[in-house]
Each structure stands twice: as structure tokens, then as C-alpha cells.
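In what follows, a single structure is set out as C-alpha cells and then discussed.
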Amino acid sequence: MPADDLSPAAGLDIDRQQAEATESQAAASHHPHTTIPLAQVAADLKEKTVAQRQRLQNERPTKAPSDRDTDLDLYEVRKKIYPRAVEGWFATWRWSLVWLTQLLYYGTPWLQWNGRQAVLFDLAERKFYIFGLILWPQDFIYLTILLILSAFGLFLFTAVAGRLFCGYACPQTVYAEIFLWIERKIEGERGARQKLDEAPFSAHKFRIKATKFSVWGLIALWTGFTFVSYFTPMQELLREAHSSNGNLRFGGWESFWMLFYAGFTFLQAGFMREQVCKYMCPYARFQSAMFDKDTMVITYDQGRGEPRGARNKKADPATLGLGSCVDCGICVQVCPTGIDIRQGLQYECIGCAACIDACDQVMDKMHYPRGLIRYSTENGIKHKWDKSQMLRRILRPRILIYSGILLIILGLTLSSLLLRDPFKVDIIRDRGSLGREVADGYIENVYRVQIMNTDEQPYQFQFTPHGLDHIEIVGEPQFTLAATETRMIAIKLRVPPHTGKPGANPIQLDIERIPLNDAATLTHAVVHEKAVFHIPR
């Protein structure tokens, strides 16, 4: 036993034994006729010390296992949750959104727009296609604006309705719901799944588990394949899926991200489930900062439900001194995060309303009014407001501020997208020659012009210089760019002798976009770019 674990009394006993041993050695030195070997003294002292420590260790009180586990465990040990199936109005809405979100996710890569995939994030070409909108690297600011809009949208939605997004449309919730539905169909309902997990390993258990994991794996792989198709066109992936001999031949990065996203989906939706919502997702931790007393959350009406207790369906709860809650525990059994909503609002609650559907069914069987567990607000419960009174509190200062900021940013972003230049031009002077004199005394400047055709149609572009008398372009002033093509062009401008003043002379270069056909959707457009024409002194 370490010396640090000894009590003060034990330390004094050992010190006393050591002192007695020292005195005996001193006495032996004064009596030459008495011989006590030092090795024997040291051995006796060591034996007494070990015995004393062992006695103290045996007498020391120990903690109960539960107390010791509480002190040593930094995180709560996960207990698997077996959510019970539930039907109801909110469950129907939840599954409707599951179908809607997955239809959008899996279906969007199959849509075509102007001969290409409608939504495609082409990282190799540095172009993002979103239906008729094409975003280039120069448009990266719109990604920042999108993140700001998402943040304020989250603040607004949370202040109004709590974690409603988490319960109905969050990808983690959606895929956990899908995987749980598959688990129910293969392994059975809540009791059957618990019994199967507790049963010893057998061929029957292996067959059921292998079937479930195989179906999960197929869905996860298709999810990963769809994810990659947002970055590599779906039709191209399908062509790569099978070579002439039937072997898969995806590229290295495509294979990596497909398997990574598939594994991510498999683990999080199949095994981690509520752990993601409770520990990994930061939203659960800071949501309380966005709540107020008028935020719509799932609430248990304690005034009506307490005191809770079991009773006969025909019994009068008032006569028994009981509230409406029959303490059946079904609200806990259906909760995907395993909480008891009767304990009050908890950060683990994702607002899915499964407990509301379950409780309403129990209230119907007991012939009690529905709404013991319901969407409500703290003020609504406190003041016993009806729905209309609670809805009137939506337009409060915080909501108006969030909405105003959101609308302003959204309006400015849409205006910027609609009014942005129809094509992009960047003029760069030739650093090797600021200005030079050529034949017949003409002064010539060379410019490098990068022009980007941001449209999905080919156009003809024409240059027209202004700002100096008789300024002209040397060579052909027109050229053609294919759809979404970017090209660097060398442009030579010259002026006659004695035009302008020595040094820098401001000029303007007009670039006109001319349609190659008469389609109604193709329009003329002109971009005006400023430049400097240098005349040697």
C-alpha cells in the first residue's frame, strides 16, 4: 500500500517502531556482550511495517460500487435505446419530411439543365452550377453570405419553434429514422429487439443481424454514391461504375469520399444515433441562449398531470387525488434520445413530438382531453394561454430583429445576383512595355485582357476603345467565346503622333457581348472597363 494512503496514526506507529529499533541498536553498542545483528533488525522492522500497512488497508472503509463509478467515470456509459414505434399526427408529418428530404437529396443529381447536370459543384473546373446560376471563384463572397443567412435563419427558427429542425429535417434524425424503421422490420418491435440483443450468440441471431447490417450498408453506399454525384456528374459516375469486364473503376478520390460518407452514415445513423444529438452536435449546447419564455417547445403540463399514478380507466382521478398522467412511461419509451419529458425541458430533446403522439393515444384510451404533453411556451403554460394567444407572441422584438436582418441580407444578395455583370473582364497592362513608338510615329500599348463568358451560350465579343482621339485597336476587334469559356487575349491599342500628353492618359474600353443567334433569351450586354494609355515622354 503506498505511503500516501496511510492515516496519520499509522505513520506514528511506524515512526515509533523505527525509533525503538534505533534505540535497541544504540543499547547494543553500549553493551559489547549483547550481539544483535543489524540485518535481523532491518528484517524485523520491514516485516512489522508491511504487516501494519496490510492491517490498515484491510480496516480502511471502501466506497459502494455506484459511488466509485460516479467518481471515476468522466462520461456516462451509454445504454442502448430501443425507441418504441408510434403513430400520430406529428409522426405523419415527420415521415412526410423524411420522404421530401430524401427525394430532394437522391433525385436532384438526376435532373438535367441545358444539357448538363442541374446541380453540380465542379471543383476541377472551379464552377458551381445551380440550375441556371453559375458561380465562379470570384463569386466566393456568396458562400460567405449563404453561411450568414443560414446562421440568422437558425437563430430565427430556434427563437420561434426551438429544435423543430432537429426533430423533422436534420439529416442525422432523418437517417436514424430510416435505419430504425429497417431495424424494426427485420428484428421486430422494442421488446423483440431487446430480447435479441440479450440472447447468446446463435445462427439465428447472426442471420438477423447480418441481414440488418447488409441493408444498412446498401443504403449507406447509395447515400455515399449520391454525395459524390454532386461533385462528379451522375452520368459520368454511372459510366465509370462498370468497365468492359464488369469491374468497378471509380477514381481514387471518388472511391474515398464514397466510402467515407457511406461509413459516416452507417455509424451515425445505425449506432451513434442519439449520441450525435447529445454530445457531437453543438446546437444542443447553445440552444438555450436562443430560447426565451415565448419559444415554442415540447412541454409537459405539470399542473394538469401531477400527481401522477396508475388507475382504472373508469376511475375518477379527482376522487383518487391524481392528475391526468397515468405514469405509463410510454412517453419515455418512444423518445429517440431516451429522456423523460416530465422532468422538464432538457437539452437532449430534439422536438420530434413522438412523446406527444404517444401521450395523446393514452389520453384517448382514458377518455381524457389531449394535450397533457404538447407544443407550448413557458408563458403559455404559466398563464394558461390558448394557441391564438401564444401565436400572437411570435412577433416579439427578438423575432422582428432577426427577421429584419435576414430580409435585408437576402434582398441585397438577390439584387447583387441579378445586377452582376453578365460577363467578367480583367485588364492587365503588359509590364514589359509601358508604351512604345512603332511605324509612322504611332504610339502603341499592349494589354492582356482576361474575359469570362459566364453564360451557357456562345457569344461574340467586340472591343471599342475611348478616351483619346483616333485611338484604335490593332488587329481584329472581335472574337468568339464558347459557353462558360475563359480566355486571355492580347490587345494592342495605338494612337497617332502628338495625341494626348506624355505620361498616363485615362481611357475606357467597352466590351460588347453580341449573341450569335436570334434566340429571345440571348441579350446584348456591355461592360465598361477603365484603363491607362501610356505615352513616352
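For all residues, glycine too, the Cβ spot is worked out from N, Cα and C.
As the structure is a computational prediction, the values presented were derived from the model and not from experiment.
Record features (TrEMBL):
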type     : residues : note
REGION   : 1-33     : region 'Disordered'
COMPBIAS : 19-29    : compositional bias 'Low complexity'
TRANSMEM : 128-157  : transmembrane segment
TRANSMEM : 213-232  : transmembrane segment
TRANSMEM : 252-271  : transmembrane segment
DOMAIN   : 316-344  : domain '4Fe-4S ferredoxin-type'
TRANSMEM : 399-419  : transmembrane segment
When counting Cβ pairs under 8 Å to the transmembrane segment (399-419), the leader among 128-157, 213-232, 252-271: 128-157
DSSP helix/strand/coil residue counts for the domain '4Fe-4S ferredoxin-type' (316-344): 11 helix, 0 strand, 18 coil
Average model confidence [pLDDT] within the domain '4Fe-4S ferredoxin-type' (316-344): 93
